[in-house]
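K.L.:
Quick one: this structure, given as structure tokens, is what I'll be asking you about.
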Amino acid sequence: MAGSTSSLVICAIGIYATFLTWALVQEPLATRTWPNSMGKFQFPNVISLIQASVAMMMGYLYLNWKKVEYPPRKMIKDHWKQLMLISFTQSSSGPLATTSLKHVDYLTYMLAKSCKMIPVLLVHLLLYRTPIASQKKVVALLVSLGVTIFTIGGNDGKKLKRSFNESGNDNKLQGFGLLFSSLFLDGLTNATQDKLLKANKAKEKGKQTLITGAHLMFTLNLFVILWNILYFIVIDCKQWDNAVSVLTMDPQVWGYLMLYSFCGAMGQCFIFYTLEQFGSLVLIMITVTRKMVSMILSIIVFGKSVRFQQWVGMFIVFGGITWEALNKKKANIPKAKSA
């Protein structure tokens, strides 16, 4: 790791710059009513398709830059089942989360997306039967408590407390259901991805079959494209037509869409590079801070009103996740000394 400080700084700045911009572009892209079409660009699968296309091209450049010895075509042939599952859960999670914005506010969406630890733990517990430490359970409870406080403490939370029979509450519950489904798929994605990487490292005896972050970035985005095309053909062809109509009537949406996709693709490069060079602990520290700054920027730039209870909820969530990261660091210190 000697002499890697500058690389770490570049990675952190890259993740901050790309994903803070990504988050700021995402909100107007998903919630703004465009003047000519008089509609919102709420076409999650179209957004997913465009973003995956840009990310796949970026992943291809990333592969060439790394000069990997394991051809992506052979990697797909060897691991197509895992890639299909991961890409399916990944491609389904994003549209569900985006659709939830029709029913919940953006800050609730952002905070919920910061709680990926809980579904990951649940998937490991229920699907892979992985023992979960008590500390992880406490952190999961803290995160859940923080989300509850944040939601109830907001203006929308007042409506929930008045009556569960109001018409708006059905939409609110539907939004939470979409967010819950998205988080579960995120957990399934991450857990299956971890299983694939660990199994590959255990069997790998040379660089000829080593799976890198660049491999996953390219192949997973390729499969995401295929899944979305299949969705348009079989389930919802009108979504594509409606999206094209909005883009034709309001061409300025293209600017937001391409900037959103480009920032997401660049962010994936920095994330995978950080994961390979510095490990998951450093990546967790950077991404947790990034999510917190994203919400604060959303408050400042878009004038969101946040009550005291919501701030308490935020600090509980990020405090719990940070505590988890610090505990991982302490657990890794003895391993580093014995190495």
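Note: Cβ is positioned from N, Cα and C throughout, glycine not excepted.
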K.L.:
Just checking the record here: does Swiss-Prot list ASP78 and LYS330 under the same topological domain, which would place them on the same side of the membrane?
P.N.:
no
K.L.:
If you check Swiss-Prot for N-linked glycosylation site, which of ASN165, ASN190 comes up?
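P.N.:
According to Swiss-Prot, the N-linked glycosylation site annotation belongs to ASN165.
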K.L.:
Do the transmembrane segment (5-25) and the transmembrane segment (175-192) come close, with at least three CB pairs under 8 A (pairs 6 or more apart in sequence)?
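P.N.:
Contact criterion not met.
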K.L.:
Quick one: mean pLDDT on the topological domain 'Cytoplasmic' (328-339)?
P.N.:
58
